[in-house]
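Chemist: Following this message is one structure expressed as structure tokens.
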Amino acid sequence: MNRWLKNMLHNEAASGVLIFLAAVAAMLIENSSLEPYYNSFLNIPVAVQFSELKIAKPLLLWINDGLMAVFFLLVGLELKREFLEGQLAQPANVVLPVVGAVGGIVGPALIYVMFNYTNPVALQGWAVPTATDIAFAMGVLALLGKRVPAAIKLFLLTLAIIDDLVAIVIIAIFYTSDLSVGSLTVAGGAIALLFLLNRIGVKGIAPYVLVGMVLWVAVLKSGVHATLAGVVLAMAIPIKGETPEHGSPLHALEHDLHHVVGLVILPLFAFANAGVSLAGLGLNVLLEPVAMGIGLGLLLGKQIGVMGAVWLANLLGVAKKPESLSWTQLYGVALLCGIGFTMSLFISSLAFEHSGAQVVAGAADAGHARLGILSGSLVSGVLGYLVLRFSLARKG
């Protein structure tokens, strides 16, 4: 296994552990006497002003709109590298994970719609169970130790990367508010400048970051979700340095961001968004359509969608299952894809907490959504771990 993959897996495993601890801490605090301090912390007003431009948001939204843009910058860098020189650069390696990812998106979405098709507010959350939390999934794999074959890790990583790409498209198309033509014009100019910098051979990161900040503000003001600015910025970062000795600007930035995102931003995001009140929690809450749709979408929709699509593609000869992977191991991976957690929480915040005139209904659905995300992700992770542990023990 190459050095990049080893570093990636090590970082994702550590990140998964921290995300889990942050989520547990948030839930414990939310259900203790410290709850007022927790919510006051998340609602601290933070304002940034430059001349006539002012951005004022509570801390929670700075985390969700600002820090998560850095996360999506990293996702974009990984996607670009993978498509240009990684596993996704070889078409034969892409087909099966793409098929699995598509199945893993359609399956959960259909299950969610089955439970919520009569409620237009709840229906906004159809994309919540389609996400996969790569850091958490790799963290579960890390618990199995060195006996996990590289093929399992590569398949899960590739599928999750493609899943991230689809999530970006979903956010861009379905979770945008009223658009501002003026801000979109500024954003378009910033994008053009980014790719002009790439075209004329600018290799330093600083000019891209400065223009990227302008792009983020413009996208934030435009009505399109600001995190997408991170993806666009990533596409403009050059992958080749001035000389082979100087190294790749893209690789350098990706390396620098991995630890910041995995060990700081994602755990902070989990801490800020995973606080679910368990007061009055009973079977009736778990059976709410939004909670059921998301929980079962992650638990059943993901495994049925991924496994069904992969099995059908293999049967029809569209793509072949790697000989080094058993069907039981692929099933374990499909279960791990049901760990939506941070990505699902993020999409949930877009679907329900920015619901405009339907704030009350959206807020209620947001609480049920978080419960569904946590329960579905937890059960998927435990079952995925047990299935893979069993299959690897039999093989050993």
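For all residues, glycine too, the Cβ spot is worked out from N, Cα and C.
Dumping what Swiss-Prot says about this protein:
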- 9-29: transmembrane segment (TRANSMEM)
- 59-79: transmembrane segment (TRANSMEM)
- 95-115: transmembrane segment (TRANSMEM)
- 125-145: transmembrane segment (TRANSMEM)
- 154-174: transmembrane segment (TRANSMEM)
- 177-197: transmembrane segment (TRANSMEM)
- 200-220: transmembrane segment (TRANSMEM)
- 223-243: transmembrane segment (TRANSMEM)
- 260-280: transmembrane segment (TRANSMEM)
- 281-301: transmembrane segment (TRANSMEM)
- 332-352: transmembrane segment (TRANSMEM)
- 373-393: transmembrane segment (TRANSMEM)
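In terms of burial and nearby residues, how do these features look in this structure?
Modeler: Cβ atoms under 8 Å from those of the transmembrane segment (59-79) belong to residues 41-46, 88, 161, 164-165, 168, 212, 216, 220, 225-235, 237, 250, 253-254, 257-258, 260-261, 265-266, 268-269, 272-273, 346, 349 of the same chain, restricted to positions at least 6 beyond its ends.
Same-chain residues lying 6 or more positions outside the transmembrane segment (200-220) and placing a CB less than 8 Å from one of its CB atoms are 53, 55, 65-66, 69, 73, 183-184, 186-187, 190-191, 193-194, 226, 228-230, 232-233, 236-238, 241-242, 246, 249, 252-253.
Beyond the transmembrane segment (260-280), the same-chain residues lying 6 or more positions past its ends with a Cβ under 8 Å from any Cβ of the stretch are 11-12, 14-15, 18-19, 21-23, 25-27, 29-31, 35, 38-39, 42, 59-60, 63-64, 67-68, 70-71, 74, 135, 341-342, 345-346, 349, 367, 370-371, 374.
For the transmembrane segment (281-301), the list of distant contacts is 104, 107-116, 119, 122, 125, 128-130, 338-340, 344, 348, 365, 368-369, 371-373, 375-377, 379-380, 383: same-chain residues at least six beyond its ends, Cβ to Cβ under 8 Å.
Outside the transmembrane segment (332-352) by six or more residues, the chain places 19, 23, 64, 68, 100, 104, 121, 124-125, 127-133, 135-137, 140-141, 152, 155-156, 159-160, 163-164, 167, 170-171, 175, 225, 266, 269-270, 273-274, 294, 298-299, 301-303, 306-307, 310, 362-363, 365-366, 369-370, 373-374, 376-377, 379-381, 383-385, 387-388, 391 with a CB less than 8 A from a CB of the stretch.
Same-chain residues lying 6+ beyond the ends of the transmembrane segment (373-393) with a Cβ under 8 Å from its Cβ atoms: 23, 27, 128-129, 133, 136-137, 140-141, 143-144, 147-148, 152, 274, 276, 286, 291, 294-299, 302-303, 326, 328-329, 331-341, 344-345, 348.
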Chemist: Near the transmembrane segment (223-243), which residues from the same chain, at least 6 beyond its ends, have a CB less than 8 A from one of its CBs?
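Modeler: Distant contacts of the transmembrane segment (223-243): 65-66, 68-77, 79-81, 84-85, 168, 171-172, 175-180, 183-184, 187, 191, 194-195, 197-198, 201-203, 205, 208-209, 211-212, 215-216, 249-251, 253, 350.
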Chemist: Given a Cβ distance threshold of under 8 angstroms, which distant residues of the chain, six or more beyond its ends, lie next to the transmembrane segment (95-115)?
Modeler: 123, 125-130, 132, 155, 158-159, 162-163, 166, 289-290, 292-294, 296-298, 300-302, 304-310, 312-314, 318-322, 334, 337
Chemist: Please indicate, using numbers and ranges, the residues of the same chain that are 6 or more beyond the transmembrane segment (125-145) and have a C-beta under 8 Å from a C-beta there.
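Modeler: Residues 9, 12-17, 19-20, 104-105, 108-109, 111-113, 116, 152-153, 156-157, 159-161, 163-164, 166-167, 170, 174-175, 262, 266, 290, 293-294, 297-298, 301-302, 336-344, 346-348, 351-352, 365, 369, 372-373, 376-377, 381, 384-385, 388-389, 392.
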